[in-house]
Amino acid sequence: MDKNIGEQLNKAYEAFRQACMDRDSAVKELQQKTENYEQRIREQQEQLSLQQTIIDKLKSQLLLVNSTQDNNYGCVPLLEDSETRKNNLTLDQPQDKVISGIAREKLPKVRRQEVSSPRKETSARSLGSPLLHERGNIEKTFWDLKEEFHKICMLAKAQKDHLSKLNIPDTATETQCSVPIQCTDKTDKQEALFKPQAKDDINRGAPSITSVTPRGLCRDEEDTSFESLSKFNVKFPPMDNDSTFLHSTPERPGILSPATSEAVCQEKFNMEFRDNPGNFVKTEETLFEIQGIDPIASAIQNLKTTDKTKPSNLVNTCIRTTLDRAACLPPGDHNALYVNSFPLLDPSDAPFPSLDSPGKAIRGPQQPIWKPFPNQDSDSVVLSGTDSELHIPRVCEFCQAVFPPSITSRGDFLRHLNSHFNGET
């Protein structure tokens with residue numbers, strides 16, 4: 001019994017399972033068919049809408065053609081018939097025939113108008129709604145576009161006005177530089193660049209510092225750069241108001257009188273010394289008197305220029321007085337000068353003379369300048385003027401004249417000493 005029941009249950013389960021599978025397959029097939037049908041329906045609806053639009057276009061074209069044909073048929077043929085009949089009439093025909101002909105012409109004209117009017121009404125009714133709808137849409141889009149373009153134009157104009165108010169032209173900074181001659185194409189520009197200015201008395205030999213700042217320097221480095229450049233004779237490029245710098249004029253030396261006087265004195269000294277070596281002291285004194293040059297000033301200037309210049313055949317005129325030998329000289333020979341001549345050499349090439357050699361002095365910044373007090377050290381007497389010098393009376397070593405500081409000045413004392421050299425005493 002149990003086996004039979006189990007077999008029956010298995011069969012029933014298999015049948016139920018098969019029925020469920022058939023149901024599922026039927027449902028799936030139904031879904032696929034419905035989807036296919038819906039897709040076909042959509043495609044057919046699209047085709048119908050497309051065909052409807054084509055039909056509407058064809059109807060509109062047909063209405064336009066019919067309207068043109070009706071206008072031509074209603075006006076032109078009637079005129080032709082009336083004109084031909086009127087032209088064919090003769091004066092011999094009776095008046096009644098003319099009246100009857102006109103009446104005949106009016107009858108077909110009225111009939112044609114009655115036939116054409118229902119056609120126009122039907123065409124307007126059939127195609128009036130789609131044409132009016134399309135025309136309304138076109139007009140609406142046109143006016144929308146026109147309004148949008150008008151807004152864009154107004155906005156662009158407002159932006160232009162606002163930018164023109166905000167746009168301030170920047171003033172270009174003028175750079176201080178010289179324009180070469182070959183870069184100017186017009187003659188008036190060249191003449192304007194090289195026109196002589198009012199500042200013609202500027203000494204080109206002296207070091208000049210312009211307001212041109214070197215490139216790559218900050219504001220805090222500008223002062224130090226000027227201090228370093230002030231030690232040299234640096235020539236900066238000319239500015240617009242200083243174009244005379246480009247003229248090919250010979251430069252004037254900074255100090256003319258001492259250089260020329262020393263050159264003349266040197267030539268005359270060499271000639272006189274070769275002719276008569278014994279009288280070279282007097283010759284040198286007369287040369288200084290002829291040129292009108294202070295020997296002390298010439299000697300000091302010569303000492304200052306020894307480190308800056310390098311002449312080849314000049315003579316170092318080192319002026320020395322005989323203050324320490326004043327007791328041995330007669331009273332009238334105080335104007336004699338002893339000139340020690342040595343060829344001027346470069347400090348690197350010149351041999352170092354011994355300190356014990358008489359009549360020679362070591363060149364360089366350590367060389368002492370002539371002092372009216374030979375017995376004192378160089379540190380105790382300073383020509384620049386100190387507080388101790390203001391209270392010490394000055395005594396002339398030539399004539400033993402006393403110059404108290406309360407009455408006389410340092411300039412008076414120096415002029416008195418210069419009078420001894422020029423032979424005024």
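Using the three backbone atoms N, Cα and C, a Cβ is placed for every residue, glycine included.
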Swiss-Prot lists as phosphoserine, out of Ser164, Ser228, Ser419, residue Ser228
Swiss-Prot record, region 'Interaction with TBK1 and IKBKE', of the ranges 133-172, 293-332 the matching one is 133-172
Annotated as phosphoserine in Swiss-Prot, from the list Ser354, Ser388, Ser409, is Ser354
What Swiss-Prot calls phosphothreonine, among Thr213, Thr249, is Thr213
Phosphoserine per Swiss-Prot, picking from Ser49, Ser123, Ser208, Ser248, lands on Ser208
Swiss-Prot lists as phosphoserine, out of Ser67, Ser126, Ser384, residue Ser126
Over the region 'Necessary for interaction with ZC3H12A' (1-31) the mean pLDDT stands at 89
